[in-house]
Amino acid sequence: MRPILMKGHERPLTFLKYNRDGDLLFSCAKDHTPTVWFADNGERIGTYRGHNGAVWSCDVSRDSMRLITGSADQTVKLWNVQTGAQLCTFNFGSPARTIVSAGEDAVIRIWDSETGKLLREADKESGHKKTITSLTKSADCSHFLTGSLDKSAKLWDTRTLTLIKTYVTERPVNAVAMSPLLDHVRSTVLSYVYMVCATLRHSIPKSIVYCQVREAKRSLLDFFYTELGKLEQKRLSALLNEDPAIMECRSALAKRLELYRSAQAEIDTVA
């Protein structure tokens, strides 16, 4: 089988996409101009002009009537496949780049990393009362945890800088860390709850949606607790001849489960 050579782009290719029927091939490149070709003979049908940067990806509707493209010019454009006309443009602007700071004054601040401008400052009433000793963010950067000499750790929402939860201890907190497992479970459960809300809110009364969301949330958390218990049980079985170790493991497990269950309060607010 002879390969078909398609010539038309002036810069390196970045993405290729067939339509559902397989008779059209769409190509993206760094030359700013998505192109459509006949797949059987490589003939160029037309181009879509309007982007001002490299086009990184595209997709075509099932009926091959609409094309959507994403570009380094920070826009997404929707096109009429047949005429090449732009139907609409979505502007996303510059990606946010911020720095979160905390220190001896016990105040949390968010700064613009490019201009150095102060963007937001946490409420002092709900914040720490003494020096903040440590700060760590979640894997998805949606929230972060702080530790302080005031014998507490606090969980914050990164976007709004609002306090989510306070964890009180008996001693000053010198360091904090967030479990990747907890972050994954929290993200999974919340994503599912949001999905249920989005699916049901337009067609079912709010009271019914509320009940169904709560049940979905409880089922997911119960399943997670059960799976975690199975995992810890396997670990404990290997320590049956070491009573001190068993006690220590049980204590660690109890603390971990309590931390997981604390996520319920936050998920209840979503419902």
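Numbers here mean position along the shown chain, with the first residue as 1.
Including glycine, each Cβ sits where the backbone N, Cα and C put it.
Annotation source TrEMBL lists repeat 'WD' at 6-47, 48-89, 99-121, 125-166. The annotation domain 'GED' is assigned in TrEMBL to 182-271.
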Completion exercise
Beyond a gap of at least 6 residues from its ends, the CB atoms lying under 8 Å from the repeat 'WD' (99-121) belong to 127-132, 135, 137, 144, 146, 148, 150, 156, 158, 161
Fill in the blank from the handout: Helix, strand and coil residue totals from DSSP for the repeat 'WD' (99-121) stand at 0 helix, 11 strand, 12 coil
